[in-house]
Amino acid sequence: MTGKRLHIRTTNVHTTATLRPCSCRLHNLCKCMHAWIWIHAWPQPTAHRGGEGEAAPRGTASTLSSMLACKASPSRPCVVPLVCLLVVAAAVVVVAASAPPAEAAFDDNYVAQWGRDGYHLVVRGTEANVTMDQSSGAGFRSKSTYGSGFFHMRMKLPSGYTAGVVTTFYLISQPEDGSRDEVDLEFLGDKAGVPITLQTNVFVDGRGDREQRTRLWFDPAADFHDYKILWNPYQLVMFVDDTPVRVLRNLTGAVPGYPFPGKQTMLIRASVWDGSDWATDGGRTKVDWSRGPFTAGYRGFDVDGCANNGSDACQSPDLWWNAAEYRNITAEQRAAYEDVKRSYMNYDYCADKARFNSTTVPIECNYA
């Protein structure tokens, strides 16, 4: 959550050198403190080693001493009014609250699942690189299982010729058997110059076969992008950055037999692995190991989820991702989603006439 900045007006104050001693009358002392807040508590653009236009933070110890250095005349002792001290304290609190939270490290919420040999899975604090070569791939998982949440991962996919390479971010229940629930984002590599395909799938009680495939409208290997899964008691939504690419409403209470993954808690998992037998051109184009190794970058290891051994507590409306504004996608999101389906989706199981006929189409396809 981003804090709001506190703007305090002052006049003709540009640097600490222009701050002059103030009289001790309440009005002037507060003006003095307002100037102090502007200069010291509120970051100002200045020359330092940060990025262009970035503000350099000021410390608080020296600033308090400079504030209290407002001088009085010899005949009038200087007393700091409590109200002005409160103004300063409030300003410091607001400025501190406006600072972005520290980014979570990998080890805070995740552990290696396989391939952590110092090469295939390399963790550097807030970033992890997952590499696949002919000897192995690698994967990691969350330390906890979750019953609801708004999960995300920033990913940069392998570049160049990546046919047969599968890069993933997904949720899956335990044990991983024939009754599992699963929510998949699988990025299917391809020949150089051919856009990477995002395949999504949903398993409920062990049954999947609900694939949708979307050609991404940008190069996911050029930079990091956000991939998100909103999973609450009302809907399941998958996002690419802020654009919905798949929506499944929870209609289990109204439609008999309607599938929705709501009964089992799930782990967060991610991996890079060899999908030569199916991922590219139906398995006709395999991984070319001479083009490897293939490395994906992962960031964003904070988790907004309900960690719970049972899912009942995770239905609470007090959890922000279960609040009213997350129970349906907005009209703007709906329009973006319809554009994705119209312009970029090149396979939808609901429309696969060779796979289903009008009497056997999965029930959720009637409520898309």
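Cβ coordinates come from backbone N, Cα and C, glycine included.
The transmembrane segment annotation in TrEMBL covers 78-99. What TrEMBL records for 93-298 is domain 'GH16'. Residues or ranges marked as active site, nucleophile in TrEMBL: E182. The active site, proton donor annotation in TrEMBL covers E186.
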*Determine the mean pLDDT over the domain 'GH16' (93-298), rounding to the nearest whole number.*
95
*What count of other C-beta atoms do you get within 10 angstroms of the C-beta of the residue listed as 'active site, proton donor', across all chains shown?*
20
*If you count Cβ atoms within 10 Å of the Cβ of the residue listed as 'active site, nucleophile', leaving out that atom itself, what do you get?*
19
